[in-house]
Each structure stands twice: as C-alpha cells, then as structure tokens.
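Participant: Okay, here's the structure, questions in a sec.
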C-alpha cells in the first residue's frame with residue numbers, strides 16, 4: 001500500500017488537525033520520498049515511518065508539535081537539515097538502520113534545541129572508535145545516545161519513550177486518536193451482548209416455570225381423576241342401594257295389601 005492511501009485510511013474520517021499519532025510503518029514510499037503528509041497535521045506529536053523505503057526527508061512538512069519521529073530501517077543517507085527546519089519541538093529521533101556514514105551528516109541536528117534522545121543503531125557511523133564522545137560533543141543538548149547517557153547509564157523508559165498522549169478529548173471529541181463514536185459503538189455492542197445474555201437467562205427461567213406448571217397441572221389432573229373415579233364408584237353403590245330400597249318398599253306394600261285382603265275376607269265370613 002502506498003503512503004498516500006495509508007494516510008487516508010489512518011484518518012478514518014477525521015481532519016488532519018485532529019490527529020496526534022500517525023503510524024505508517026511498512027507502507028511504500030514512492031520514489032523514496034514522503035507523500036500525502038501535509039502541514040495540516042498541526043497537532044501531530046508522534047510519527048512513525050519505519051521501513052517504508054525512504055531515501056530522503058526533503059518532503060517532510062512543517063509539524064510544529066511533533067515530539068517523536070521514527071525513521072528506522074530506511075535508506076536515508078543525508079538531508080537531515082530538513083528536520084531542523086520543520087520540527088522545532090522534536091525530542092526523540094530514531095535513525096537506526098539507515099545509510100549514515102559520516103559524523104558530518106549529523107551536524108544539522110545541532111539546531112534541534114529540544115532533542116534529548118538519538119538512536120543510530122546499525123548505522124555505519126557507529127563504527128568509529130570515538131563515536132559516542134564525538135556525537136555528544138557535536139550535540140550537547142543530547143541526554144541519551146542509543147539508549148545510554150554520557151556516563152553509560154541506561155535511560156529510564158520514561159526518557160527513552162515519549163510520554164503517552166494525554167487522554168483529554170480534543171475539539172472533535174477524540175481521545176488518543178480514536179473517535180469517540182467508535183468507543184460509543186463498542187460500548188453499545190457490549191450492552192447488546194449483556195442484554196442478549198439476560199434474555200437467554202429469562203427464557204431459561206420461563207421454560208423452567210412452564211415445566212413446573214406442567215408438572216403441577218398433571219398432579220392436579222391425577223387428583224381430579226382419582227376423585228372422579230371415587231365419586232363414580234360411590235355413585236354406583238348409591239344407585240344399587242336405592243334399587244334395593246325400592247324393592248323392599250314394594251314387598252312391604254304387597255305384604256300390606258295381602259294382609260288387608262285377608263282381614264276383609266275374615267270380616268265377611270263373620271258377617272255371614
């Protein structure tokens with residue numbers, strides 16, 4: 001991917017003025033030059049151009065707030081005066097793995113008054129026996145060269161690395177180069193996932209309740225069936241008893257009628 005295209009993607013619908021950090025590592029610099037980077041990036045504090053195939057920084061725009069510049073693993077051999085002209089706030093510069101052969105190529109860096117840390121690992125200039133003493137003498141403002149101070153004491157991390165960009169939102173509502181809208185979207189996604197989990201739990205609870213109700217319903221039906229059977233059985237018994245009672249009543253009535261007839265016959269005999 002070429003550098004222009006990469007910058008366009010990194011903007012993510014932001015304005016250049018809203019960008020504080022820009023990482024363009026491993027993209028392709030056409031003709032070995034910087035492309036697509038303009039002086040509209042007025043608030044840029046960190047720029048990384050590692051292994052992009054740069055031969056020169058002659059097209060670097062003015063970036064008044066840039067503090068850290070990563071240019072390692074390129075093919076830069078000179079033209080560092082451009083850095084002194086366009087980067088007045090630069091504190092950390094990494095030129096490791098470039099084609100810097102002579103101490104004289106570093107002289108333009110004397111004008112970078114804020115420069116505290118310089119890295120030249122893998123550059124041919126480091127092969128000089130008096131390399132460190134010469135560079136510290138040439139650049140008295142330096143605190144650390146290749147991660148060590150003048151007394152060969154290793155630099156603390158806070159000095160080697162640029163402090164993280166403060167997380168205060170800018171005028172566009174962005175934090176650390178990330179759109180506030182993107183953070184909101186992530187929050188919404190998390191809430192949706194929580195809601196889905198809650199709904200699943202509710203569904204499970206409802207299913208359990210339905211199962212319990214079904215079981216209770218079956219028990220009630222069993223009880224009702226038992227009562228009906230018992231009631232039905234009792235009903236049959238009652239009907240049989242009623243039939244027996246009716247038979248007895250009929251027998252009694254017939255017996256009574258027979259006695260009455262007998263008495264009437266006896267009475268007639270007496271009259272005769």
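From the backbone N, Cα and C atoms, a Cβ is placed for every residue, glycine too.
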Participant: Identify the motif 'Nuclear localization signal' range according to Swiss-Prot, selecting from 144-147, 260-263.
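Facilitator: Swiss-Prot lists motif 'Nuclear localization signal' for residues 260-263.
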Participant: Which residue, chosen from 38, 265, is annotated phosphothreonine in Swiss-Prot?
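Facilitator: Matching 38, 265 against Swiss-Prot annotations yields 265.
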Participant: DSSP says what for the domain 'LRRCT' (123-161): how many helix, strand, coil residues?
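Facilitator: Summed by class, the stretch gives 16 helix, 4 strand, 19 coil.
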